[in-house]
């Protein structure tokens with residue numbers, strides 16, 4: 001019931017989150033703010049040999065209107081730019097003199113952007129005068145046949161040979177039709193409402209091979225829906241198996257691991273629902289995505305807690321951990337959990353989407369990687385200490401396999417974070433997501449095998465009503481002080497004849513023929529001479 005309540009609370013808290021991820025965007029621009037960045041979107045590549053009628057294009061289309069009227073010949077500008085043009089455009093937005101800022105921002109575009117009056121020889125289609133007329137197209141939309149139905153403007157994106165990011169923004173600048181100079185609009189503040197669609201493929205589905213896995217997704221986010229479906233299929237098999245297995249044993253480690261696995265499955269479900277919704281309408285449910293990410297963080301950090309507890313020998317070689325050890329462990333774990341949440345919030349709010357960096361190239365990301373590496377070293381130290389004072393071969397075998405697999409889980413994230421820095425930004429996010437989910441899934445599978453009831457009963461304490469007794473007997477038999485067996489071959493036989501030396505408790509209690517020095521008692525049993533049992537003399 002507590003888990004269900006937590007899920008409902010998270011859904012309510014994040015249901016109305018309106019963070020823009022891409023492709024169907026509604027918003028407004030206040031002209032007195034001068035500049036507003038709207039979105040960054042990766043479009044697929046267009047091969048040179050393809051004809052102009054090919055559907056392998058990207059499209060940006062929509063409507064931009066205002067309830068207030070602008071003076072004649074005055075407007076603001078909607079700019080759709082590739083990275084080559086955008087960086088200079090974006091960098092000059094902070095110039096204090098707004099007229100100078102406008103001239104600097106559009107200096108490079110003057111030579112490449114088409115304008116019917118000022119630059120008819122240019123071939124680039126990057127700009128629109130907005131707002132557009134409520135009942136018609138934008139004033140500089142010179143190809144009405146290319147405009148998508150029910151839209152006021154359309155940009156057709158054709159990247160040759162490689163995918164590229166395109167950047168959409170509004171700026172309170174306009175080109176004077178008389179002087180062809182860029183000027184700042186400093187009139188009365190106006191509110192401009194916009195609705196934009198950004199898609200990979202032709203918006204008219206009858207003319208396009210429509211793929212839900214790429215249509216609404218930016219190029220760097222394509223195929224993550226397939227990834228999520230694959231892991232959903234895996235976890236929908238693993239979770240019921242683990243729940244069934246956990247019911248066969250009453251063990252705190254197994255319960256904690258089952259909780260971690262269930263939280264990861266809930267995370268996958270929430271994110272999958274968001275992605276399916278996003279693939280269908282270009283909006284998705286950002287609240288579910290955030291809830292899924294939170295469950296994912298809780299699942300991974302709780303899995304780390306399990307590893308640390310097992311490394312300290314909890315419920316394996318000892319039933320209790322000292323109070324000081326518990327305080328240190330919980331403090332480190334909570335600190336790591338908080339740091340992961342800080343990184344998540346930082347990634348959503350502070351990382352400039354215009355830059356080509358990921359979360360692990362920020363200072364919270366560095367702290368997460370460093371703290372993870374330090375926890376790994378602490379894990380190895382605790383595991384070594386536990387193995388040093390353990391004599392049971394079964395438990396040592398478990399700890400050895402457990403330590404090797406856990407070490408891989410600890411070290412993979414810093415390694416893949418370093419490798420991803422040299423990977424193209426178009427593939428980096430997908431690579432990180434695929435590797436992280438794959439390694440975590442493999443770690444869950446390995447832990448399921450190690451903690452499965454028919455195996456864990458051999459080395460885990462409190463696993464069942466009889467397990468503790470079995471473990472105690474194993475430890476007693478394997479203890480060095482208990483190895484007092486002497487094989488018969490080492491005892492000279494004065495008659496040179498085989499004698500059985502199996503001694504029963506009753507014989508020992510009733511036989512009165514003890515040696516005076518209590519050295520050795522031999523009992524010959526002729527009825528057992530034909531058996532192949534081991535012959536032993538017990539002292």
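Each residue, glycine too, has its Cβ placed from N, Cα and C.
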From 187-209, 256-278, 463-485, 486-508, the residue range that TrEMBL assigns the feature transmembrane segment: 256-278
Candidate ranges 161-181, 224-244 [criterion: TrEMBL lists as transmembrane segment]: 224-244
Segment assigned the feature transmembrane segment in TrEMBL (from 290-311, 510-531): 290-311
Dominant neighbour of the transmembrane segment (224-244) in 290-311, 323-343, 363-381, 402-425, 431-452, by Cβ pairs under 8 Å: 431-452
Interface present between the transmembrane segment (256-278) and the transmembrane segment (363-381) (three or more C-beta pairs under 8 A): no
CB contact flag for the transmembrane segment (323-343) and the transmembrane segment (290-311), at least three pairs under 8 A: yes
Stretch contact, the transmembrane segment (256-278) with the transmembrane segment (402-425), Cβ-Cβ under 8 Å, 3+ pairs: no
Distal contacts, the transmembrane segment (431-452) - CB-CB under 8 A, six or more residues away: 224, 227, 231, 234-235, 238, 241-242, 245, 251, 253-254, 257, 260-261, 264, 300, 303, 306, 358, 360, 398, 401-402, 405-406, 408-409, 412-413, 416-417, 420, 423, 460
Tertiary contacts of the transmembrane segment (290-311), as residues 6+ beyond its ends and Cβ separation under 8 Å: 7, 10-11, 14, 17, 253, 256-257, 259-261, 263-264, 266-271, 274, 321, 329, 332-333, 336-337, 340-341, 344, 375, 378-380, 382-383, 386, 402-403, 406, 409-410, 440, 443-444, 447
